[in-house]
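The structure appears below as structure tokens.
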Amino acid sequence: MPFSNETEMSQCSNAKRRVNDPLTGPKNCSTSSTDSGVILNDNVAAFRPEKETKDRGTGEGQFQSKSEEKTESKRISVEHTVNITTENVGKTSSPAVSIRSTTISVVSIDDNAIDSSSIDSDSEAEAEDYTVQKLGHQVTYPPNSSHLRDLNQGLTVISRHVAPGEAAVPPPNPLEAGIVAKQILNGNLAVATPTSPAGGATQGIGSIALTNSTDVTFGDKHFYEGPVTIQQFLIDNRDKWKPGEGPAGGQDNPAFNGGPSTNGSAPGSKHEDPAQTPPICPFLPNTVGRKAVTVTVVFVTLTFLLGIVLATTTNLFGKTLNQSKIRDDDDYRQNIPINSTIDLDNIGGGLILRFVERQQWLAQPPQKEIPDLELPVGLVIALPTNSENCSTQAICVLRVRLLQTYDIESSQKCDIAYNFLIGGDGNVYVGRGWNKMGAHMNNINYDSQSLSFAYIGSFKTIQPSAKQLSVTRLLLERGVKLGKIAPSYRFTASSKLMPSVTDFKADALYASFANWTHWS
């Protein structure tokens with residue numbers, strides 16, 4: 001029984017047609033096929049027992065089938081050939097497979113059966129119940145049932161491949177996917193993907209032999225009423241359909257991006273994900289609190305380093321000034337800074353022995369070498385300077401400098417005449433010191449055997465301050481302790497040694513030492 005299948009839907013002028021054989025009566029064989037996710041084709045085969053007939057389809061790439069029937073046993077043999085073609089695609093894409101008429105349904109071969117093609121067309125015969133077989137189970141509905149309209153949601157393309165460099169086809173309007181589509185997308189339904197044979201050779205499904213059978217269907221049989229809609233989906237293992245929240249119980253689309261877009265974005269640009277946006281400086285933290293802490297730590301560190309640099313610079317500058325050479329000319333002495341404790345008084349109130357060294361009161365260097373003193377000495381001489389009194393260190397420094405200038409320039413001495421000077425502020429100003437011979441008596445016999453304690457001021461009628469008397473005791477004890485003064489020393493007045501010298505007159509000063517142990 002030769003017949004011809006329509007290969008393309010667009011080439012079938014009438015998918016449902018009537019075939020009448022005047023010799024054998026209303027015997028027909030109608031076939032329907034399911035597409036492998038690509039195109040639906042309806043095929044019709046006309047049964048003629050004596051001569052071969054050919055379907056009037058005009059489509060390109062028709063499939064031809066041949067069958068033979070023995071009239072003695074009324075056996076029908078149907079052969080159907082399926083051509084599978086592989087389109088040329090890139091190496092990186094999957095092959096696109098187009099399958100035409102993969103199954104054949106034989107509706108009726110009985111002589112008394114109703115012509116199904118007449119039922120499908122505009123005939124006057126009554127149609128029997130519709131049989132719908134879907135995914136392994138069969139459900140029967142009466143004609144014009146409302147369930148048939150609900151089932152006809154159109155064909156769904158479940159496999160789509162786009163070659164690299166090929167323009168993407170815009171998706172159709174979003175529609176509610178059927179139950180089968182959801183199962184396929186969620187991975188609950190396994191879909192067999194047909195593979196193309198090697199070498200492009202055609203394959204057949206074999207031969208079918210029927211004997212004394214009525215209303216036999218091979219494969220799926222589908223009835224479509226209304227327009228056919230093709231939907232495109234991408235199949236993977238992820239759950240594409242998730243139940244939505246709320247009373248409606250709708251479906252959420254996980255690919256939807258509901259974030260606000262930034263004004264001025266380029267057309268077609270995607271919303272930037274803050275978690276995926278690389279930071280400008282990866283080594284820096286992202287939170288505001290950490291940034292504040294980082295800035296604070298950096299600021300404190302820089303401030304600390306700056307303080308160290310300033311302290312080091314100031315210390316070096318101070319040492320340079322202190323180690324500068326003091327010259328004897330007046331122009332240089334005017335520019336010598338006072339960077340010591342020159343403005344500080346004796347905070348001990350005379351109870352602490354405090355020396356003001358030559359460098360601190362800005363003494364001139366000696367004009368020549370001064371002879372050494374034979375130590376320990378047994379004589380300590382007290383005498384006045386016959387200058388104005390002083391009660392602060394600043395004034396006392398001025399008095400000492402003036403005395404040195406007078407002794408060097410007027411008296412033609414090599415240095416200030418006294419070993420030590422005691423001021424009203426309670427400080428001891430170092431003159432020639434412990435080891436050098438003084439010029440206080442202008443007599444070599446006394447000067448070479450004694451130390452001189454000069455009291456700044458005139459004490460003919462004014463007594464020395466309590467600070468001056470207190471530091472005098474401390475100075476004598478320090479000399480004995482250092483081995484500069486003999487333990488059995490004699491403490492006396494210059495006027496007693498040279499009564500004729502009027503400059504040594506200081507009765508109020510000498511009277512202050514009248515009850516001292518070593519005074520004589």
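The backbone N, Cα and C atoms fix where each Cβ goes, and this holds for glycine too.
What Swiss-Prot records as N-linked glycosylation site, among N263, N389, is residue N389. What Swiss-Prot records as N-linked glycosylation site, among N212, N515, is residue N515.
Candidates N389, C390, C396 (recorded positions) were compared with N515 (N-linked glycosylation site); none lies inside 10 Å Cα-Cα.
Comparing C396 (disulfide bond) with N389 (N-linked glycosylation site), their Cα atoms are 8 Å apart once rounded. In terms of DSSP helix, strand and coil, the domain 'N-acetylmuramoyl-L-alanine amidase' (412-490) has 21 helix, 19 strand, 39 coil.
The topological domain 'Extracellular' (313-520) scores a mean pLDDT of 86 in the predicted structure. Summary for the glycosylation sites N389, N515: the Cβ-based neighbour count within 10 Å is maximal at N389. The disulfide-bonded residues examined here are C390, C396; by Cβ neighbour count within 10 Å, the least packed of them is C390.
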